[in-house]
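Listed in TrEMBL for this protein:
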type	residues	note
DOMAIN	400-493	domain 'DYW'
REPEAT	85-119	repeat 'PPR'
REPEAT	185-215	repeat 'PPR'
């Protein structure tokens, strides 16, 4: 009840002490809105010098700033703390995780080693979370090898390991962790079901869900298995599970809408939305699922209709509306109307005064995480990377590959071609970087913050086949295993 805590704090004149500082900083961190940021910053700026040596107060202040997204000032407070302990370090690495800076967590692990500070169970749990965000199997193996066995045998850690291995694309290692747990709880089962689902193993997810004791099933386990059905196109099974769930929450209904939309059953999905809205207020995520399906179906009329409805219902959800505008512009592009797509996208971004989320892809080369944006030429081997993309493209074209211009959502500029625009996508750069390594790898792993586009998906399938290597690409929705036989684990349900 953070709002009420801050109401009381502002209404009553208190003699500030270390307890009050900690409580208010934590309330501001929990709330995280404009009011909380204003109160928290003012309190911190005016805090007397004698409290700036209190490790608990400083750690709370650092946690608050991290929740505000102010990494720089949180780091400054951390470095100014002369009495740093493992709790201070935990707050720092947790803050990096919260702000998508997971790669920094591993540098802190090295610092702990240099300072002679022993990580505790919480530290390792946060680091496992960092591994889950980065999504690179080799990085995970490096961290796991350093966790003491007594901590590895803790159930909470074991559950986290199942989740981590699943999100890194290693279902085999997730299963080993799952089977090592005797007293499995709801989290254990849900993590394993989710691991199967993310990796396109919907039937395995359903089988484990059915083996799960009824009393352990909850909203999360229902969501995980329905999501697994959605990602594997298992409509009949999803309907059966959905019908058996007695208490259907908003999130459970949303996953079912997503499943129906992926299979282009828009009338049935809309009916679920209509029934939900008879007794509840509209939910934006339901409409985003519908719009995403309409984009994949190249359904222009439905895309426009859903987007207009979203603007009507959720005028303040600007970031989501921009994402919706990108999906609609994708539909226009799929019909070759690139000028209309560009104009629509630009006008909506201008109207909503919000930027499109920048696409990022990253991969691990030796021990380093290397990150790319689209048309990124900042890497020292940029020219070699572009040459390798050219070689891959030539090989693919000989095997019948054609660039899919429907995934270009902006106007092609002077000097650009369809090929040059699509070859600049960040995941293609990350794949090429791997292929210029020596020896040439037989396993490549990429992660990205957005969904993979259809052109990159087809490109990667063919590259895996022609170059005879395994490629794992984790996008914002799922994990794609591209095999040397030219198939993807998603069976093109992406």
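Just so you know, glycine gets a Cβ as well, placed from its N, Cα and C.
What you see is a predicted model, and the numbers here were worked out from it, not measured in a lab.
Only residues 6 or more beyond the boundaries of the repeat 'PPR' (85-119), in the same chain, are considered here, and those with a CB under 8 A from a CB of the stretch are 55-56, 58-59, 62-63, 65-67, 69, 71, 74-75, 78, 126-127, 129-131, 133-134, 139, 143, 146, 369, 449. Across the residues of the repeat 'PPR' (85-119), the predicted structure has a mean pLDDT of 94.
Residues 155, 158-159, 162-163, 165-167, 169, 171, 174-175, 178, 221, 224-225, 227-229, 231-234, 237, 241, 478-481, 488-491, 493 of the same chain sit 6 or more residues outside the repeat 'PPR' (185-215) yet have a Cβ under 8 Å from a Cβ within it.
The DSSP breakdown of the repeat 'PPR' (185-215), given as helix, strand and coil counts, is 25 helix, 0 strand, 6 coil.
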